[in-house]
Amino acid sequence: MASPFALLMVLVVLSCKSSCSLGCDLPETHSLDNRRTLMLLAQMSRISPSSCLMDRHDFGFPQEEFDGNQFQKAPAISVLHELIQQIFNLFTTKDSSAAWDEDLLDKFCTELYQQLNDLEACVMQEERVGETPLMNADSILAVKKYFRRITLYLTEKKYSPCAWEVVRAEIMRSLSLSTNLQERLRRKE
């Protein structure tokens, strides 16, 4: 029979693992995937951004949701997952496929899909550990509203090449901010 001290130590380690640990291990390649995604999105540009200055628009990116200092990892991962999911949804539409080079778009969407799988596995891992709340509903709603504004803008601009270029630049910015958040979270580990 194990000593009471040994059992106590096992219980402390297990409880600390579920409550003290961030519980989620993104693959080491995840940061590289983020950078590759940004590079692909940069390559997708078809027209000069300077020719679309009149079409610029403030979509109201929910910056506070990506601050990182206010977040614990589990809710942050859920918000990142929602961001990537919304980007994936935006770039897999019929209107999107008409706007971009098909090969680059396929590679970009494949990278997004891989990131979604990584983040999904992370969210599932958090659920198994029993982390709550897994999702910050207000933050997720802010991300959804942000993408709703982007979609409305594209519709109003009739999915013009300049509208897509403005959206591409906006998504580059949001992906860059999400990459920064992920790196801050990784450093906290």
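Just so it is clear, glycine is given a Cβ too, placed from its N, Cα and C backbone atoms.
Here Swiss-Prot flags 1-23 as signal peptide. Per Swiss-Prot, the feature disulfide bond maps to Cys24-Cys122, Cys52-Cys162.
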Message = Please identify which of Cys52, Cys122, Cys162 has the densest Cβ environment, defined as other Cβ atoms within 10 Å, among these disulfide-bonded residues.
response = Cys122
Note = Rounded Cα distance, in Å, between Cys122 (disulfide bond) and Cys162 (disulfide bond) is 36
